[in-house]
Amino acid sequence: MSGTQSTITDRFPLKKPIRHGSILNRESPTDKKQKVERIASHDFDPTDSSSKKTKSSSEESRSEIYGLVQRCVIIQKDDNGFGLTVSGDNPVFVQSVKEDGAAMRAGVQTGDRIIKVNGTLVTHSNHLEVVKLIKSGSYVALTVQGRPPGSPQIPLADSEVEPSVIGHMSPIMTSPHSPGASGNMERITSPVLMGEENNVVHNQKVEILRKMLQKEQERLQLLQEDYNRTPAQRLLKEIQEAKKHIPQLQEQLSKATGSAQDGAVVTPSRPLGDTLTVSEAETDPGDVLGRTDCSSGDASRPSSDNADSPKSGPKERIYLEENPEKSETIQDTDTQSLVGSPSTRIAPHIIGAEDDDFGTEHEQINGQCSCFQSIELLKSRPAHLAVFLHHVVSQFDPATLLCYLYSDLYKHTNSKETRRIFLEFHQFFLDRSAHLKVSVPDEMSADLEKRRPELIPEDLHRHYIQTMQERVHPEVQRHLEDFRQKRSMGLTLAESELTKLDAERDKDRLTLEKERTCAEQIVAKIEEVLMTAQAVEEDKSSTMQYVILMYMKHLGVKVKEPRNLEHKRGRIGFLPKIKQSMKKDKEGEEKGKRRGFPSILGPPRRPSRHDNSAIGRAMELQKARHPKHLSTPSSVSPEPQDSAKLRQSGLANEGTDAGYLPANSMSSVASGASFSQEGGKENDTGSKQVGETSAPGDTLDGTPRTLNTVFDFPPPPLDQVQEEECEVERVTEHGTPKPFRKFDSVAFGESQSEDEQFENDLETDPPNWQQLVSREVLLGLKPCEIKRQEVINELFYTERAHVRTLKVLDQVFYQRVSREGILSPSELRKIFSNLEDILQLHIGLNEQMKAVRKRNETSVIDQIGEDLLTWFSGPGEEKLKHAAATFCSNQPFALEMIKSRQKKDSRFQTFVQDAESNPLCRRLQLKDIIPTQMQRLTKYPLLLDNIAKYTEWPTEREKVKKAADHCRQILNYVNQAVKEAENKQRLEDYQRRLDTSSLKLSEYPNVEELRNLDLTKRKMIHEGPLVWKVNRDKTIDLYTLLLEDILVLLQKQDDRLVLRCHSKILASTADSKHTFSPVIKLSTVLVRQVATDNKALFVISMSDNGAQIYELVAQTVSEKTVWQDLICRMAASVKEQSTKPIPLPQSTPGEGDNDEEDPSKLKEEQHGISVTGLQSPDRDLGLESTLISSKPQSHSLSTSGKSEVRDLFVAERQFAKEQHTDGTLKEVGEDYQIAIPDSHLPVSEERWALDALRNLGLLKQLLVQQLGLTEKSVQEDWQHFPRYRTASQGPQTDSVIQNSENIKAYHSGEGHMPFRTGTGDIATCYSPRTSTESFAPRDSVGLAPQDSQASNILVMDHMIMTPEMPTMEPEGGLDDSGEHFFDAREAHSDENPSEGDGAVNKEEKDVNLRISGNYLILDGYDPVQESSTDEEVASSLTLQPMTGIPAVESTHQQQHSPQNTHSDGAISPFTPEFLVQQRWGAMEYSCFEIQSPSSCADSQSQIMEYIHKIEADLEHLKKVEESYTILCQRLAGSALTDKHSDKS
């Protein structure tokens, strides 16, 4: 190394060298001259080696001459590979570097020692592993050690390799064909070293030989490359000649270096001629050429195995002399201590980084460099894994690594222990209070919240384990990467030990034992690190220590648990089945838990308790037990200590081990003795004596004996005890064994939240119902009925168990904490909420269930449907729904407060621990008991479904199903409340983290509104990440919140949520920026899918600042679909809320009976679905306050069969229009899925504003013609109309004279069809008409006089009348009123097929006027769009265009109205008689009565006022359509511009 070189004064002392004569000097004066020149040119100082011996002098001179430096190079792979060849093992050297190759350009030199590859230390790796690392990518970073750039080449090995090896590694540059070189070769003889000066001469001669050899090798490589490109005989001869020279040089170099070895004797084996003969016989030219890459630098490959063994030199030299040609492919032949046959030593020792045949070699795995590349490899190496664990424990949070290892431990555990391992895994890593909590997927977390861990089936165990292992694997790999970097810098533990293990790694038993022994020492160091943890982290450290020790045991490492860990193991796992490390403890535990009968046969523990010594004594003990139950609380108060001890041993086992008995033993009916054997753990300690368990009321209602002591619960009523005694006597009569009764205690007296689970587990199943009834009764029942009774029995008993759990929560926690004043009243409400209400509801439900059982004396419950409906529907449903929603929605806050208070308040923590240690909690924590209410609600529909499944009577089954549906409604209501509460909690957190400091007034005019944004005042609907694609080159990662009326686009920065405005330069206006608001109001939103990306969607907002189009990209297609659906739904909901229907005057009582068009209101009242409830995902833009959307409802008649026919045709029409809509959407452009027209064609075939104006004209005609109300009805109905400002209340003098112009404008805008005007002219128009062209000013609108009504009726539209449509007559035929006008479009008459000339199929998309009670609805369009008349007015006019065109209103409204111009004698294609019969005759059955004009003048005036306002809005809507068309054209042009720029 360069650090070991001498200083200048050391290298040049004052003493001059004294040269003695030598054979070499006397024979070769020329050589002496060359030697002096060489010394001068390389700063060679012979005095440095004058006092050294032969071996040391050689090494020191090399070190002095060639100072080694370490450097890092980066090689970029080119077409010819990396351009270098490596050789050697431990370490690996650069064998050769291609001329002008990638390695040479990077600065790699022949002879460089490779230290690291991509940061991985490879000094102890073989060349196969190094090549694999180099070839792993298109570039590689090498840390190499070698001569400084520009200095002469040096041997491949450094000073740690012996001189005898150096002679075979150093390339030389002198050509053997030069005169000087040939002369040197001829004069060189075996050196005779006489004195210290001759060592210098000898070294110089060796150097010359090396350079000659290297030059010849390089020449050979060039010749072979030329031969490969252009084979020629001349090149082949030169190659053979070079191959002859190389062995000669190697032989001389071997002799020169061999004489310097201590005790080395060179014995030539045969002349060179023989050698060449052998090589030619063994290897043909093809073979020689085939090994070009492997033979380019055959003079180097040191081996650490025998580099210090001088005896290996002669053996290798003998082999070289025998096989000189094959020695080209055998690198560093003198470094192998054992010489094998030639065929076994050729291929594996040299390989180039670009060698394509590398993959076929047998790949060796070196422990040090390879096992740390992957955790999978590391798991089988105990010592290496222990070092890695030490590194992670010392530097990081080891939770993810320990989670991964414990998951692996589960996979390698036998089936008997997997449940225990999973429970520990859940407690360590998945539980909310886990000390080593890791990130758990949301779905899995929600599933775990609903299940009790010990009741989860094994297939889910494996799924959860695999999921968690995959989730933490990336983090483990990051730890491994950090470890590799630290290890390369020498910052890790036990490096020398691992190096030795890697060198001896043969995977034999001895090596594995050494690894385990080494791992024991490293584990001890890990424990030392854990011991230094703070007191607050003691539990976490103990858990970490336990996990590490368990996994090390799995690997066979002998570890001893510290004393402080042994006594904690019972608390670490859920079950007492965890094996104890000390045999005595285990035996003691078994003695206390499993040897039940010896303790039973002993003396009783207390006089008040009884043992379960034999089944025959059960009745005597039962009789002796009841007086105790009926005693006062004071009579049992002296025994709390013993009863607690007794229950501690029994309940603990029942709540845990009992759950693991086979399921078939639970349901076995034939033998109660089998129950006793299977449940031996419960029989032993006397916790479930036979006499106790034979009374279900005692245990199920809260174990009154115990609760009297602890809770002061009232004793069970006498009738209850008598009922239970009767049940016991009934069972005893028929000889059923008693032990089955103990399951009463197991499942309901001592257990808990197993009610909330529906696994076939011992604790979940109630006592077998078949044991409660006589044998004769059972024989008279069908198997289906027996199943039904069992499910009913389970419903009753699990309800008892739930009541007991709620009482535990109330008495053990709530009452005590309130008495002791540990929490304030507000904190009590936050944690326990309305616990009293919940408890009373379930107590009442339990009492009603008991009453049902009492009235069925044979325990066979026949009818239960009515009772279930009473409990779960009507008032009972409402009470339970609201109470449970209040309690359960508070659950997230309660659990969070418990967690935070336990950390901050030591008094509260002590209380909780003390309460949870109460045996009545059955080892459940407070955080486990609170969710039991939610879990109970999930059980009801399942049980009721099972009851219905086994019910044979149809009426009864329907009642039970209906009750089950009500239970689901309760559950859904509560789930929604819980979700909203959780969302509210998250919104509060988001509001706390919201950062509005980036908002600037210059960027966005409404910045103050954004700064004052309060998320907590809204409800959150959805949230998640989205990517905002601003343009082709700019994307922004967003965290998006969908609230009830806005969409908020946030950016995550650290822990903040930043609200920031972004700008974009539009292609059409390159000189200005368009600023996008991060808050989008849903009342202005239209959503469309992006045609070119199925994960993206357009959110188009029409704000006060203009149109804003956001392209948002989701992570998956399903997520995009969810976002699109929710945004559409919420936008529709916001628009619906902002619009109210206009009430119309009610009909007289006599005419109300004949009204056929009342379904909208009827449906609203009956089904709770608003007229605009069904929303289409394709919404039109509108302002934030006005526009709503609604699909037309298929209104049905309440009493007539005509409704079915009409609904059928309405459904067909809707389907056809939806198909047309889908087809329209499919024809959108490539960049925008909006109907963007071509610039040279009309924008749209349908003009919704014109349609609306046309329909408004028809509405006006209808009202003017038919509406007449009495003064009384006007006064009654006036309350339905809100008060509005009127533009003009004066008499209207102008008649409606321009309806034909309205029709003309409509036709020219929508159909582009020629039509006949009043004068008979044919007019065709392709451009949209402006309002001034089509309509008169507003003040010209007035009521038509009576004598002009006939002409008003003549104003009809080709689009309304469809000649091709058949006549759909209602029952009773079509009367003169022509009521089809109010039916679906398909109901129009076909009596006049010749009328309406110029009509087309497209005209079938008519607008139907429906008068439904107090509401007027215009329908007939598919996607829905509403427009409000004013911010104060909510319109009931529902306009439904085919595709979404934004409807925007502004303060500047130009108001027009359609009018009629038939006064000029124009000929109409429709006669008044036909119109009256077909269109307006329906008024006989409507809610209106034709009155004289004088009687309804006020009403007509008010209606006309509303119509004027509608007209104004629709006129503006038409203008907006035109503006929107221009905007779409601009966007289309921008998209085309972007496309062309992309292509260019």
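Even glycines carry a Cβ here, placed using N, Cα and C.
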Among S41, S674, S1068, S1499, residue with annotation phosphoserine (source: Swiss-Prot): S41
According to Swiss-Prot, one residue among S751, S1170, S1377 carries the annotation phosphoserine; which one is it? S1377
Counting only CB pairs under 8 A, let me know which of 367-558, 787-977, 1019-1132 has the most with the domain 'PDZ' (72-151). 367-558
I'd like to know if the domain 'RGSL' (367-558) touches the domain 'DH' (787-977) in this structure, counting it as a touch only when three or more C-beta pairs sit under 8 Å and are separated by 6 or more positions. yes
Looking only at the domain 'RGSL' (367-558), mean pLDDT returns 85
